[in-house]
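Enquirer: Per Swiss-Prot, the features are:
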type	residues	note
DISULFID	238-252	disulfide bond
CARBOHYD	46	N-linked glycosylation site
CARBOHYD	139	N-linked glycosylation site
CARBOHYD	177	N-linked glycosylation site
CARBOHYD	225	N-linked glycosylation site
CARBOHYD	282	N-linked glycosylation site
CARBOHYD	625	N-linked glycosylation site
SIGNAL	1-24	signal peptide
TOPO_DOM	25-324	topological domain 'Extracellular'
TOPO_DOM	402-599	topological domain 'Cytoplasmic'
TRANSMEM	325-345	transmembrane segment
TRANSMEM	355-375	transmembrane segment
TRANSMEM	381-401	transmembrane segment
TRANSMEM	600-620	transmembrane segment
């Protein structure tokens, strides 16, 4: 064998002695098709077997580009097949020939040999759990690195995270002596070629679980320590606590455990109590408050004899409420404040109810548009849902109370002069109006009417009697002065005035019953005919002894006419008093409605502020208080 090697070397040197260049070795360009060239190393004992492997590899080169180099490397094998022939070398450039002729030590197949030695199917079985003795558990260390919170799905109650897992265990079958393998400390093996613990996400919320895993090669060290690093997009189920939404804190758990092995076979542990946040990317909707890792040992009811270790990654998040405040709460507050304009609008316009109903419809349409963003759960009502319902209820109550105030405003005309109750005048128009800083000032006409009613409507009658007495006294003075004249006669106006005064006084003094309208019209027509005949004929009664009969008839008829005139004036006065009284009553009801409307306006504003404070501010500020939690759980 040594003689063959020597002859082959001499042949190669004689073939290339005319090439004016230096020769250099070339490294193999395809690392995946590494070949055992240990036959060239005199340190290997089993050189014959390795030579056969190298010869087999030589016969099947990987590509045409490396064919020449491969032929050059495996020249001993070729010489063994063609011992008497010299391989003709084609013409190459200087650099390629230099690299092709540096063979010894250029390619080291130790790692590949180690790979084949470790994963030989006669020695290693990937479906068998690694352990020194079958009664001993395999200790698996679990590490979790949170990279990003991708999404929180409130409707489906699922959390999507992008994470990196670091799983480590000991496999004695994958250990080697570094001194025998060129001081190789670690190699990388595809994860599908070795045994791996069947650790899965227990609370997985996606069907294609393994499709989201991005696994890399497994690193194996010389002492049998196996490290498996891989990235995954986990979608885990997370019960959403919607009580304080959108000012809520969420705590989601990712539970990892072995699906097939209990604690007697795989002992799952943690490499640290805190999760790794060194590569965390901030989320636009949630702030990460804290992340902890906890190891728990549970016993399932179906298998009480076995304990199962579970790694719980607990993620504590706080929602950023700025988006919900500007897009959900502020518009609702503005729509609710529009109901205030319904209280300030005058009732005479007839648009109070239309204004409130328009606000109510706007609130309903807005709530319909944002319903999709509220988590659909029946375990609790969120704060924003309570606020929406409270705002809608207050707008409905504002519509009802505006109907009441409108009816109160028209109560005087509708009830045909029904007086305001005394207690309402005292408490509402009196104390409440003063408390609400409202000045109730009566018009001048109503003030005069109240003054006349306080004297029982005697002002006009007493003034008439006073005027008639003054006229009678003046007529008596004139009569006495005229009696001293020679003819002892006077014109018709003096006796007429005298008769007029006496008739009016007798009518006022008499307690006569009022006549109906037809009788007054008939008597007035007959008396008007008589007076017209007297005026047209120029019949003027004079005071004398011969005219007593004419004067008596004239006095009787004129007295009757005066009665009718007085009764007409009296009825007109009564009608005016009734209309004035109704105006006063209607004014009182209007003032009562104004005071009540102002009171309801203050109550509505107070209720709106109270709702905002109690449902949106206080629960957020005192969310950790037990009394506040019990108060909210009441709803």
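Quick reminder: no glycine exception, Cβ is built from N, Cα and C everywhere.
Note that this is a predicted model, so its numbers are computed, not measured.
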Enquirer: Just give me the nearest neighbour of residue 225 (N-linked glycosylation site) among the recorded positions 139, 177, 238, Cα to Cα.
Expert: 139
Enquirer: Measure from the Cα of residue 252 (disulfide bond) to the Cα of every one of the glycosylation sites 139, 177, 282, then give the nearest.
Expert: 282
Enquirer: Under a criterion of Cβ-Cβ distance under 8 Å and sequence separation of at least 6, what residues of the same chain contact residue 177 (N-linked glycosylation site)?
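Expert: When sequence neighbours closer than 6 are ignored, residue 177 (N-linked glycosylation site) has 222 within Cβ distance under 8 Å.
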Enquirer: Should residue 238 (disulfide bond) be counted as helix, strand, or coil on the basis of DSSP?
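Expert: It is coil.
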Enquirer: State the non-local partners of the transmembrane segment (600-620) in its own chain: residues 6+ outside its ends, Cβ under 8 Å from one of its Cβ atoms.
Expert: 244, 247, 329, 333, 336-337, 339-340, 343-344, 383-384, 386-387, 390-391, 394, 397-398, 401-402, 405, 436, 628, 632
Enquirer: Determine, to the nearest whole angstrom, how far the Cα atom of residue 282 (N-linked glycosylation site) is from the Cα atom of residue 139 (N-linked glycosylation site).
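Expert: So the alpha carbons of residue 282 (N-linked glycosylation site) and residue 139 (N-linked glycosylation site) sit roughly 34 Å from each other.
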Enquirer: Mind giving me a neighbour count for residue 225 (N-linked glycosylation site)? Other Cβ atoms within 10 Å of its Cβ, every protein chain shown.
Expert: 15
Enquirer: Measuring Cα to Cα, how many Å separate residue 139 (N-linked glycosylation site) from residue 238 (disulfide bond)?
Expert: 29
Enquirer: Of all the glycosylation sites given, 139, 282, which residue's CB has the most CB neighbours within 10 A?
Expert: 139
Enquirer: Count the other Cβ atoms sitting within 10 Å of the Cβ of residue 252 (disulfide bond), across every protein chain shown.
Expert: 21
Enquirer: Mean pLDDT, the topological domain 'Cytoplasmic' (402-599)?
Expert: 63
Enquirer: Report, as a single number, how many Cβ atoms besides its own are within 10 Å of the Cβ of residue 238 (disulfide bond).
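Expert: Within a 10 Å radius of the Cβ of residue 238 (disulfide bond) lie 24 other Cβ atoms.
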